[in-house]
Structures are given as structure tokens and as C-alpha cells.
Amino acid sequence: MSAPSGNAAGTPIKAITSSLALRAAPSIPPASQAYEPHLKSVLRRRLLSNVFIVSASFCWVLAAVWTSWQMGGVDTIGVKGWITNVFNPLTLLFAALWWAAACIPITVMRRTYISSSPCVALSPKQTIHSQVSQQSYRFALASLLCSSVVVLACHTFMSYVVEVSGRGDPKLGIWTNSKKHPFHLNGRFVFLVMAQFVASGIYWVRDILKDRFFIRWSRNVTSVSLEAIPVLTASVMSIGMMTVFSTTVTVILFAVSRIVVLPILYRIPIVHGILRPFIAHFLRPKFTVTFLWTHFAMILRAHFISLTTLLLWEVTSVMFDITSSMAVIVSDGVKDSAVVLISGISSSNGYYRLHAFHDLASLSSLSAEAKAKRSAIYSDTKHNPTLWSSICRQCLLLLGQDYQLFLRKGQPAPAPAPAPAPVPPKPTQNLSTPLIRKPIFKSSAASPTAQLADSLSSDGAITQVLAKSPGDAIGLPELFKSASDVIGSPARSFTALIKKTKAPTPDAGSFWKNLDLGKYMPLKGSAAAEWWSRERKDKEVRKCLPNRDLDCMAVEVLCTLIAHSFEEDTFGVVQRDIPRALEALLSFLSALEEYQRQLGSLLPVWTAEEEEGKTLEERTKRELLRIEVERAGDWLDGLTTALRTGIVLIVHTFGPRLTAFKFPPKIAAKLQCFVDYST
């Protein structure tokens, strides 16, 4: 047989292509690519229709009221003029300016810092301290202050465009327009700015105490108008009372700054030269003594400007709260809706996860569409991990994390133990015999004369003995030896005294951090101080269980899909996860029931005779405790009811078939109670 030619030997070898080669299964896309774009589009449409349009309409109404008053009121322009003024281009312009200055910043701020977890502070004092340190509320304060100043600037512009012809010059400029003192600040302008700042600060504190960035999510809100009317009514009444309080505080602060602060600053040499061209006229007694009755119209103007600003903020915030609390369904009309929803439950944003879990919980219906989506979840084999494995893992991971947080009473997880220090290597032992570098022969004995001379020398044996133990060598009495021991080391005595009196100097940061202002407040021991620092029991429960709504949705999704798998899961991929799911649910339920029993024991039980002997203060404290315990129980009941309902659904569906699974003794005993109840 002839050898192959050179061309045949140089032909490259090609692999045979085959469609049977292994292919990597695709993973579930992240939420930022699959779920969040659909959810954001729905929220964007709701924001436009429910928040922007309502707030813009409210700005239009307020602008029409203000311009009609500035023109002279209904008595001057008449009813026809008032109706015509509503559609005046100037009115529309002022409404647009107010909407851009007040409503847009609030909407952007609320949308940026939206949160699905409540504040975990236990008292108003702790709430203020914890929220002030957060960047979101610091940014909110800066936004409110800037917005209030811009609203005031828009009002000033309106006054010089409209009010000059109707009611005269309002004199709201920055300067007094004095030829002799051109840089004197206008007191009316300063008072209006101070009123806006005070109103902004009070509104900011109110938002902190209300935990405004936390969304009170509800699946029962179906109509925005029906939900908004009672909430807006209560909010308008609250804003009215808050504006009266802020105006009163502004008048007091203005008087104190005029009577106390400015005279003190004016006596400082350098500051005196800087402030004199601007505030010298404020030191006249007439401006403060007759302030209330000579400038009452300005106080009313400041009051209504603050009221307008706060109403614009509050209406926008209320509409945003209602819109954000409504559930969103994005699975309708979306391709691969099951994959999209499962990617949503792994989102890093808790608010987005809440909507994704709610959308998955809607698959519990008996409609053909819901059944088709559930079948797609059960029979999925092309994703790695599968759709059901992803759902089960996310639900159990969420419940496990919140269960551990509940056991720790809301405290953060302890830091991991530090790694043990590496053992230093032992030095190698030298087994060779060490070399002796001394004379090995015995020296000859010295003569007695040489030994006597050596002992009497300055470094001889007798001198060394006396230096080491003078008392023993000379034979001093014990009294003198103790005195010599004390006096013998004066340097060490002074050094110890200096170290004893020296103390670390605290820095300014730790001083202000550890300063307890309650010791120096005159309200200590009063009802106001009690309200300010008292820890609420319902807040403790919220701290232990901050993600209650999210946990309820996860329990509903997990139990619903397990129950429907009894008839729809052809391959039985769900049944293998039933033991660990039931173990997680029953463990969480046991911890919640134990905590509920502890809450019930906090409320003292009085007989009728004991209650008559109690003072009014003791009755009030017991009533407050009862209200807090009731609120705490309501917060726990939400998750407890969801857990019981889900476990009963699984037990009722599978029945005696659950005996095929193995459970720990405590879990089995707890599960037996549900089995007995269902039968």
C-alpha cells in the first residue's frame, strides 16, 4: 500500500458537528432588565395621572385665589371678573411657577428615597436622632428650605405684577429703597423669609415623626379618589393648625432676635462694622414695641404664604403616598410573565419586590390564565436554576433572614469571630553539643594575701553585699528599714502621682454626642418629657419585624404554589421542598405566638376594686400601654394570620400524605395540631 501524499497529510481535521452537544441552560435575567422596566412604566403613568395632574390643578386653584385677592377681591372685580381671572394667562403662569417650585421637588425627593421598611426607633427622641443622621432627611431639609424661598420669590413677583394696581405697593423688596441708607434690609422681607424657614423646619420634623418615606402598602386600595378625600381632609386640618403654630413661633423668634440677639452681636467690634450698614435700623425700639398692631397685615400675609407652601407640599405628598401604596400588576400582556415575575422577587429594592410578590400571589385564582402560568412554573426545565427553585429559595431566604432578625429582637447580626492568629513556627532545636568557650582546667588557688586584698577592694565581695542589702548587712532596726524603703525611691512616687492625676481630655464630638439635654430641660418629669423619651411597645414590634408586608406576600406565594402543585405538578418537583417549607413556616409561627404571649403579660389586670384605688396618672399610663400593646398585636397578627392560613391550606390539601415526610419533634407536634384542626 502506497504512502499518503503530502497534500493528503496536510489536510486539517474537522470535528463532526452535532446538535446533541451540551448547551448551558440560561439563567433567570436580573430584575433590572426583566421586571423593573415594566413596573417603572406603570408607576410613571400613575405618577403623571394621579400626582402631577392633581397637584397642578391645586396650584391653579391657589393661584386664582391669590391673584383675585391681589386685584382687590370679589368686591372690586366682581364674580365675572373672578371667573375670567381663573383663565388669565398670568394666573396660569403663576400656577406653573408654584408647581415647579413646590410640587416637583417634593415628588422627586419622595420618588428617590422611597422605602418599604419603617423606622426602627422606639421613641420620638430616638426617631429624630436616627433620621437626622440619614442623608435622605438632610437632603429633604435642604430641598424644603430652597423650595420655600422660591415660593416666596414667586409670590413677590406676583405682588409686583398684579397687586400694585389692585392694592398698592406691598413693599416686599430686599432693600428699604432709602437714599441715605441704600443697604438697609427690608424688615418685611426678613420676616417673610424667617416665616418660611420656620414653617419648613416644622414640616420637616413632622415628616420625620410620621416616617414619611415609608410607604404604607395596601392591596385594598382600588380608587384613588375615594382614598384621597378623607386623607386630604385630615391633612388640611393638620396643616392649618401647624401654620398657626409656625406663625406664632416666627413672631417670637423675630422679637427675641431683635431684643436679645442683635444687640449682643452689635456690641462685638468686628461684627458691628459688618452688620451696621444692613441692620442698624432694626435696633430702634419702635419696630419691636408696636410690631403686632402696626404690621398685623404683614403677619397675616406671612401666615397665608406659609399655609400655601405647606398645602402644596402636603397635597403632593398625600397623592404620592396613595399612588405608591396601590398594588401593580405587570404580568398581564407580558411575554414570559412567569420569568419576569420571578426575576422581580430577587430585586434589591424592597418596594419592587413587594409588587412582584403580590403579582405572583395573584396566580392563586382558578382562571385558565393563572393555571397556565402555574404550569409554566412547575414544568420549567430550561432555566438553571428552575423557576420553582428560584421562588422557593427567595421565599425561604427572606423568611429565614427575618426570622433570625425577629429572634434577635431587631438587633443587627453579631460580628463574626476574628480568625485565630497563626501559630508562630517553633525554633528548630540544635542537637549538636554546644561549644564551651571557657577554661576547662581548674585554676590554681590564690594566696591568702591576694584573697584579702581582693575582698577589700572597691568592687570586692563585701562592697557588693552592702550595696544589695544595706539593712541586712549593717543590721538596721525594722523601723528604719521601712522608712528607708519609702524614701529610697522618690522619683517613682512623683511619677505615680502624675499618672494618677492625668486623665484623657474628651474631644468636642464625644462631648456633644454624650450630652444629655434632658438633665437641663425644665420639662424633665413632665408629660411632654415623658412623651418625648418614652419607648413604645408597638415600635419595638416594628423593629423586630420591619418587613411584615413582604413576609406576608412571600408566605402567600409559597403556600399557594405548594397547594396547587398537588393537582398541577406533573413531575413532583414541588413536593420535595414541602418539609423544609413547613419547618420554616411553623418555626416562624411558634416564635410569633410566643412573643404575643409575652405582650399579653405586660398589661396588668385590675379588679374593679383595685381600679378604683388607682390614681388618674396610673390609669392613664395603663391606657397608653393598652393602646400600644393592641397596636403591637395588630402588627403581629398580619403575619401570624398569613402563616396560619398558608399552613392550613397545605395541610388541608395534602392531608394524610404528609406522613410520608419526616419532621423534627417540635415541628411535628405543632403540625399535628393543624392536622387535627383540618380534620
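Glycine is treated like the rest: Cβ placed from N, Cα and C.
TrEMBL labels come from automatic prediction, so no person has curated them.
Annotation comment: TrEMBL describes 47-66 (among others) as transmembrane segment.
The transmembrane segment annotation in TrEMBL covers 86-108 (among others). Nonlocal intrachain contacts for the transmembrane segment (86-108), taken as residues 6+ away from its ends with a CB within less than 8 angstroms of a stretch CB, comprise 47, 51-52, 55-56, 59-60, 62-64, 66-67, 143, 146-147, 150-151, 154, 157-158, 161-162, 308-309, 312-313, 316-317, 320.
Residues annotated as transmembrane segment in TrEMBL: 139-162 (among others).
Positions annotated as transmembrane segment by TrEMBL: 185-205 (among others).
Residues annotated as transmembrane segment in TrEMBL: 226-245 (among others).
The transmembrane segment annotation in TrEMBL covers 251-275 (among others).
What TrEMBL records for 287-313 (among others) is transmembrane segment.
Packing against the transmembrane segment (47-66) from elsewhere in the chain are residues 82, 85-86, 91-92, 94-96, 98-99, 102-103, 107, 111, 155, 158, 224, 228, 308, 311-312, 315-316, 319-320, 322-323: each is 6 or more residues past its ends and has a CB under 8 Å from a CB in it. Long-range contacts of the transmembrane segment (185-205) within the same chain, counting only residues at least 6 positions beyond its ends with a Cβ under 8 Å from a Cβ of the stretch, are 128, 137, 140-141, 144-145, 147-149, 151-152, 171-176, 242-243, 245-247, 249-250, 253-254, 278-279, 281-282, 287, 295, 298-299, 301-303, 305-306, 309-310, 313.
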